[in-house]
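Shown next, in structure tokens, is the structure this report addresses.
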């Protein structure tokens, strides 16, 4: 009986994830913009980019700039 409740709970969690457009199944293989910025040698800043750097992209879903 306990395992059936556990399976039902797991199924409900999966269905709730699928209801929202951004779930773990669509996110497989995709890296966050923050990860890509830092990996390419940049840094994420909410303010303007420092002197002698330029904007290479965005971070935190477009809320910050990736400066490199």
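Using the three backbone atoms N, Cα and C, a Cβ is placed for every residue, glycine included.
Here Swiss-Prot flags 1-21 as signal peptide, drawing on sequence analysis.
Residue 66 (disulfide bond) falls within a strand when secondary structure is assigned with DSSP. Remark: residue 66 (disulfide bond) has 33, 36, 37, 40, 42, 43, 44, 55, 56, 57, 58, 59 as non-local neighbours, by Cβ distance under 8 Å and separation of at least 6 in sequence. Taken from Swiss-Prot, the feature disulfide bond covers 37-66 (among others).
Residue 59 (disulfide bond): 23 other CB atoms within 10 A of its CB, across all protein chains. The disulfide bond annotation in Swiss-Prot covers 44-59 (among others).
Neighbour list (residue 49 (disulfide bond), Cβ cut-off 8 Å, at least 6 residues apart, same chain): 55, 65, 67. Here Swiss-Prot flags 49-67 (among others) as disulfide bond, drawing on similarity to another entry.
Look at the disulfide-bonded residues 37, 44, 67 and count other Cβ atoms within 10 Å of each Cβ; 44 has the fewest.
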